[in-house]
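Everything on this sheet refers to the single structure shown next.
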Amino acid sequence: MENNLPENEVGLPFYEDVELHNMKPVDGNNLETDNNSKDIYERDKLFADAHHEQEQQQTLMNTDEKSMKADDTNGEKNTCCFIWKYVTFNRGLNIATLTFLGSLTNSLTNAVAPYITSQVSSLEKQFGLSSAEFGFINSSNDIGYLLVILAASHFAKDAHLPKLFSVLTLFVGVTVGCMSLTYLLRPISYLELLENSASLNGTFGNNSVNVTAATSNIYLCSDGKSRIVEEANCASDQVKSRTLYVWFVFSMIILGVCKGPTSSLLPTYIDNNVPKKHHSSFFIGLMITFSILGNGLIFVLGGFISQIPVDLEDKGMTPSDPNWIGAWWIGFLFIAAITILFGFPLMFYPKQMPREKQPKSRPGNLDSAVELFVRETTENHTTEKTSFKEKLKELPSSLKGLVTNPIFVLLVIGDCILVFCFNGLWSFSAKYFEHQFFLPVWKTNYVLASMGVVTSLVGILAGCTIITRLKLEIRGMIMMKLVAYCICLGLEIIISFLRCEAPHLNNNPMNNSSLYANMTELIDDCNCDIRQYFPICGSDQQNYFSPCHAGCADGNYFNFTNCFGIPGMSATAGLCPFECQAKNIFIGLSTINNILAMASIPAGYLLVIRTPSEKDKALGIGFYSMILSGGAFLPAPVLFGRAIDSVCILWDMKCNERGACKLYDLDNLRRVVFFPMIVGRFISLLAFAFIFFLHSRKQKKLNLSKISEKGAPL
């Protein structure tokens with residue numbers, strides 16, 4: 001083809017600063033006017049010019065290539081520079097700020113279940129729940145999640161995702177705010193009964209009752225009126241706690257529906273809109289860090305709130321009192337407000353992030369010309385919208401591609417088993433610390449918060465840094481998971497043997513050997529109720545089951561006097577102070593174990609993203625999330641709750657119904673919590689070992705295929 005283009009002063013072809021598809025020939029008489037001729041002209045012009053200047057520009061290109069490599073190396077060394085570059089791009093409406101807002105709101109949505117976990121004692125006492133019933137509240141979140149995750153991942157991937165994230169986040173805020181309103185309909189507690197005792201004084205059944213006198217302390221040695229007061233409490237409770245329990249379950253289902261699309265589509269949106277692919281691990285790592293860091297900080301909030309009485313009034317009780325109920329409802333209000341505040345700005349982000357202007361390809365670089373032409377053609381093709389019917393037809397084939405991918409299937413199975421065990425343990429971690437190491441609720445939450453913050457920050461960021469710096473591919477990330485899992489398995493075996501000896505309780509009605517001589521008659525005279533467990537520390541530095549079982553006739557909620565069963569005749573609320581070194585070792589080893597486990601999470605997440613084909617990436621994440629939700633997150637709290645209930649040795653009874661557990665068999669509690677975790681870690685380790693074998697065999701076949709192609713005659 002003859003080149004009729006004008007030349008500039010240096011003799012090179014003149015190029016307009018316009019897109020390729022807008023270029024027009026100078027001499028229109030020599031070309032046909034149809035689109036095919038125009039496309040042929042543009043393509044031939046591009047390749048002809050590139051070939052014409054190939055030799056002249058080769059030396060310059062080599063020099064620039066070295067310079068670009070040096071710039072990339074310096075950019076990798078300065079992580080802050082590329083973050084700042086992203087933050088300031090497009091006046092703040094960019095992938096960096098969206099990652100921040102999306103990760104923050106997503107972490108708050110996911111933090112509702114951990115917050116409920118931090119308030120396990122208060123909620124069980126407030127609503128009279130067993131561990132299995134409490135576990136079902138957390139599991140309800142995954143019921144809603146399962147209802148939408150697969151459909152959302154497949155059909156919503158072409159929607160305006162930032163607006164979708166914003167709308168769902170606003171729904172989350174409203175729902176969580178409504179959960180706090182259940183406080184207004186709570187069952188009446190013993191303290192509230194005392195406060196309104198004037199309306200109950202008089203005759204109850206066949207008994208003349210002065211409630212104020214009878215309930216000055218229901219744990220004291222008395223004449224049996226405390227049982228009458230408990231019956232009066234049942235009679236005065238007009239609100240059914242079961243109704244509120246159902247409302248909690250329904251609210252958690254709504255939260256699951258709202259978090260489903262965000263959890264699968266947010267990482268996909270980030271991965272598709274990050275200019276450099278190897279930076280996606282950093283931003284996805286930040287998203288995961290926000291989520292896990294949010295879980296840690298939510299326990300700080302839970303610890304603070306656990307020290308505030310539920311009705312915000314000081315009645316002389318302390319958080320160490322077994323009947324203490326913290327102001328659990330305040331945390332829901334806080335989460336709702338922050339979620340709405342940061343979720344609304346997501347409405348203003350574009351459907352697809354604008355790209356930074358790339359340097360123009362040098363006309364003398366033939367490879368750049370080919371790459372530019374292919375990219376332009378591909379982008380024009382991918383902008384075509386796919387109809388709903390076409391997506392529906394593609395769904396079976398896409399699912400078949402996922403389930404016939406052995407590496408992806410093993411990845412899902414291994415993670416599902418491990419997450420089942422970890423989620424069950426995590427759901428009752430606050431209860432485990434409270435009963436196994438005898439810590440008050442608020443201190444337990446602070447310990448869990450500290451562990452969560454340290455492990456999330458150090459572990460996730462370390463994992464992302466390793467992947468980014470070493471530029472790990474699939475093989476390297478599998479190896480990273482294997483090493484982390486081997487170390488974690490050893491640590492978890494050691495941790496499972498750490499425990500504190502249960503303090504001896506004198507006059508324990510469930511252990512006849514703990515009764516002092518002549519105490520049986522005293523306990524009978526005091527009409528002590530076995531259900532009123534309230535441990536006290538006597539002046540002889542011995543622990544007693546309750547003030548009543550120690551023969552205490554006077555006292556308030558903290559100090560007790562005239563205790564005929566105690567040599568010094570006095571006692572204070574709570575167990576006597578004692579040291580347990582195993583507690584500190586447990587916390588230290590658990591922190592190290594969690595750091596290693598968290599460091600392997602980014603690698604696992606990227607494996608889920610990159611193992612399926614490009615077109616099935618979003619569906620793969622949704623399918624993975626659906627299996628984990630249905631096979632791990634949904635059943636784990638309920639099944640672990642039933643296992644924990646099975647080792648309870650003293651139940652609270654209210655209105656002739658079983659309520660929360662007060663005492664556990666600690667040795668069996670340790671076994672039912674940690675034995676499944678060790679087994680799950682081992683099975684997951686075997687799954688990833690097999691994944692490594694399959695991937696190595698696949699790579700070997702690909703390498704042999706490439707060698708054979710190179711050796712084939714042309």
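Keep in mind that glycine also has a Cβ here, set from the backbone N, Cα and C atoms.
Pulled from TrEMBL:
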type: DOMAIN; residues: 525-556; note: domain 'Kazal-like'
type: TRANSMEM; residues: 164-185; note: transmembrane segment
type: TRANSMEM; residues: 245-270; note: transmembrane segment
type: TRANSMEM; residues: 282-305; note: transmembrane segment
type: TRANSMEM; residues: 325-349; note: transmembrane segment
type: TRANSMEM; residues: 407-426; note: transmembrane segment
type: TRANSMEM; residues: 446-470; note: transmembrane segment
type: TRANSMEM; residues: 482-498; note: transmembrane segment
type: TRANSMEM; residues: 585-609; note: transmembrane segment
type: TRANSMEM; residues: 621-644; note: transmembrane segment
type: TRANSMEM; residues: 673-694; note: transmembrane segment
Top partner of the transmembrane segment (673-694) among 407-426, 446-470, 482-498 - counted as Cβ pairs under 8 Å:
407-426
Could you check whether the transmembrane segment (407-426) packs against the transmembrane segment (282-305) - three or more CB pairs closer than 8 Å, residues at least 6 apart in sequence?
no
What is the three-state DSSP composition of the domain 'Kazal-like' (525-556), stated as helix, strand and coil residue counts?
1 helix, 9 strand, 22 coil
Are there residues at least six beyond either end of the transmembrane segment (621-644) with Cβ under 8 Å to its Cβ atoms? List them, or say none.
130-139, 141-143, 145-146, 149-150, 152-154, 260, 263-264, 267-268, 399, 402, 411-412, 415-417, 419-421, 423-425, 427-428, 431, 608-609, 661, 664, 669, 672-673, 676
Taking residues 6+ outside the transmembrane segment (325-349), which of them lie with a CB under 8 Å of any CB in it?
93, 98, 101-102, 104-105, 108-109, 111-112, 115, 118-119, 122-123, 125-126, 162-163, 165-167, 169-170, 172-174, 176-177, 179-183, 189, 298, 301-302, 305-312, 319, 441-442
